[in-house]
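Undergrad: This is the feature table in Swiss-Prot:
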- Arg127, Ser128, Tyr129: hexadecanoate binding site (BINDING)
- Arg127, Ser128, Tyr129: octadecanoate binding site (BINDING)
- Arg127, Ser128, Tyr129: (9Z)-octadecenoate binding site (BINDING)
- Ala2: N-acetylalanine (MOD_RES)
- Tyr20: phosphotyrosine (MOD_RES)
Amino acid sequence: MAEAFAGTWNLKDSKNFDEYMKALGVGFATRQVGGMTKPTTIIEVAGDTVTLKTQSTFKNTEISFKLGAEFDETTADDRKVKSLITIDGGKMVHVQKWDGKETTLVREVSGNALELTLTLGDVVSTRSYVKAE
């Protein structure tokens, strides 16, 4: 099921991302850079291991994980979190927990588009990606 997410995805549109970063506790300067950055996300699937790479002029991150198995992750804004990623109803659901907080990142593919919905409390941000040729 994770194979549906495999590919190279380029950010084309972002809504409410600054508010989401603010809710995470990201500082002003980092939010300014993060808001202007147009990252590329590369998702690779090899057997039961999924690798998710995010590349931008600001920062590159890479995580490898098995669906349904909790793992330690250091986020692009340097939070140390416990992450769990599952496939639920055709969506890739990524839950990050740290310091009594929780955020959910949901990826959904439709054709050559990937929609990422970021939720923290009542703050919701959507980031739209298009698959690279």
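One-based numbering along the chain as shown.
From the backbone N, Cα and C atoms, a Cβ is placed for every residue, glycine too.
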Undergrad: Would you mind reading off the Cα separation of Tyr129 (hexadecanoate binding site) from Ala2 (N-acetylalanine), to the nearest angstrom?
TA: 17
Undergrad: Please report how many Å separate the Cα atom of the residue listed as 'phosphotyrosine' from that of Ser128 (hexadecanoate binding site), as a whole number.
TA: 15
Undergrad: If you skip the near sequence neighbours and keep only those at least six away, which residues in the chain come within under 8 angstroms of Ser128 (hexadecanoate binding site), Cβ to Cβ?
TA: Leu11, Lys12, Asp13, Ser14, Ala113, Leu114, Glu115, Leu116
Undergrad: Count the other Cβ atoms sitting within 10 Å of the Cβ of Tyr20 (phosphotyrosine), across every protein chain shown.
TA: 22
Undergrad: Relative to the mean position of the Cβ atoms of Arg127, Ser128, Tyr129, the recorded hexadecanoate site, which additional same-chain residues have Cβ within 8 Å?
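TA: Apart from Arg127, Ser128, Tyr129, the close residues are Trp9, Leu11, Lys12, Asp13, Ser14, Ala113, Leu114, Glu115, Leu116, Thr126, Val130.
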Undergrad: Whole-number Å only: compute the distance from the Cα of Ala2 (N-acetylalanine) to the Cα of Arg127 (hexadecanoate binding site).
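TA: Distance between the two Cα atoms comes out at 19 Å.
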Undergrad: In sequence order, which same-chain residues at least six apart have a C-beta under 8 angstroms from Arg127 (hexadecanoate binding site)?
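TA: Looking at Cβ-Cβ distances below 8 Å from Arg127 (hexadecanoate binding site), excluding near sequence neighbours, one finds Leu11, Asp13, Ser14, Lys15, Phe17, Glu115, Leu116, Leu118.
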